[in-house]
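*Asks:* Okay, so TrEMBL annotates it like this:
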BINDING   Val16, Gly17, Arg18, Ala19, Ser44, Arg45, Arg46, Ser77, Ser78, Ser79, His80, Tyr98  NADP(+) binding site
BINDING   His280, Cys281, Cys292, Cys293  Zn(2+) binding site
DOMAIN    9-125  domain 'Gfo/Idh/MocA-like oxidoreductase N-terminal'
DOMAIN    133-243  domain 'Biliverdin reductase catalytic'
Amino acid sequence: MNTEPERKFGVVVVGVGRAGSVRMRDLRNPHPSSAFLNLIGFVSRRELGSIDGVQQISLEDALSSQEVEAAYICSESSSHEDYIRQFLNAGKHVLVEYPMTLSLAAAQELWELAEQKGKVLHEEHVELLMEEFAFLKKEVVGKDLLKGSLLFTAGPLEEERFGFPAFSGISRLTWLVSLFGELSLVCATLEERKEDQYMKMTVCLETEKKSPLSWIEEKGPGLKRNRYLSFHFKSGSLENVPNVGVNKNIFLKDQNIFVQKLLGQFSEKELAAEKKRILHCLGLAEEIQKYCCSRK
């Protein structure tokens, strides 16, 4: 991406919440990947007119415009599937915030559609671009896991908008799969007190070598956004991650990956491995949801 771009891809941002606002900022700043992209406008259900000189356009205009070649889907998770399908059918490349969909079958269908249309379908995973993850990856490489746990706490989240906790928390599952390989579900429970906006999902997983891993998502008023982990290896233990620095420009790093895909700079092997990991995580999330719901 050090070369001067021969052409720019016109981009529209769908949804201008936290992620969408950061995406718009990155698209307008002078970065190497942004030089290949041209922000055409944004789509929002709210009537906003313009943001910092960027014009709001209708979904219909974004879909029909020949100027728009790619869409960044930054809306709530429940709307991702519909937006992806519409933009792929309109012949546009798609970058979507995780989770891509709230079901495995829908994700598989959309990937097939992207392949039929010859378009890039990229699911963002900024958690894999964090300094903490880079530290963990170095720490666990070559070590035999005996057992591990990952607890995530945060404020309440609306399931109607962001999906079942196994989907809204899929970035934690992605960490575990990326660190320890494909996992299988042993059991799962969901404790809910809707009147208190509280929920706790406890998932028991195991690695291919049958090492146990527990994943807990706990959300409710007053709970601070925090991640607690404990990994025990034959050669020692890792309890939580030290302060390894600020996560700088993680959305921009993800944009770099998207541009590399647009330019055909990812190998088929890399793309296949990424797709396999994403579908495995979505499949696990769906399995967890079914397990919890069958026990209500």
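Cβ atoms are placed via backbone N, Cα and C, with glycine included.
Automatic prediction, not curation, is the source of TrEMBL annotations.
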*Asks:* I need the nearest neighbour of Val16 (NADP(+) binding site) among the binding-site residues His280, Cys281, Cys292, Cys293, using C-alpha distances.
*Replies:* Cys281
*Asks:* What's the CA-CA gap between Cys293 (Zn(2+) binding site) and Ser78 (NADP(+) binding site) in angstrom, rounded?
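*Replies:* Spelling it out, the Cα of Cys293 (Zn(2+) binding site) and the Cα of Ser78 (NADP(+) binding site) are 18 Å apart.
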*Asks:* Of Arg18, Ser44, Arg46, Ser78, which is closest to His280 (Zn(2+) binding site) if I measure between C-alpha atoms? They're all binding-site residues.
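*Replies:* So, spelling it out, the nearest of the binding-site residues is Ser78.
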*Asks:* Looking only at the domain 'Biliverdin reductase catalytic' (133-243), report the model's average pLDDT.
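*Replies:* Per the prediction, mean pLDDT sits at 94 for the domain 'Biliverdin reductase catalytic' (133-243).
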*Asks:* Per 10 Å Cβ neighbour count, which of the binding-site residues Ser44, Ser78 ranks highest?
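*Replies:* When each Cβ's neighbours within 10 Å are tallied, Ser44 tops the list.
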*Asks:* Just the number: how many Å between the Cα atoms of Cys292 (Zn(2+) binding site) and Ser78 (NADP(+) binding site)?
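*Replies:* Pair distance, Cα basis, whole Å: 19 Å.
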*Asks:* Hey, what's the Cβ neighbour count for Cys292 (Zn(2+) binding site) at 10 Å?
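*Replies:* Its Cβ has 21 other Cβ atoms within 10 Å.
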*Asks:* Could you give the Cα-Cα distance between Arg46 (NADP(+) binding site) and Cys281 (Zn(2+) binding site), in whole Å?
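*Replies:* Arg46 (NADP(+) binding site) and Cys281 (Zn(2+) binding site) have their Cα atoms 32 Å apart.
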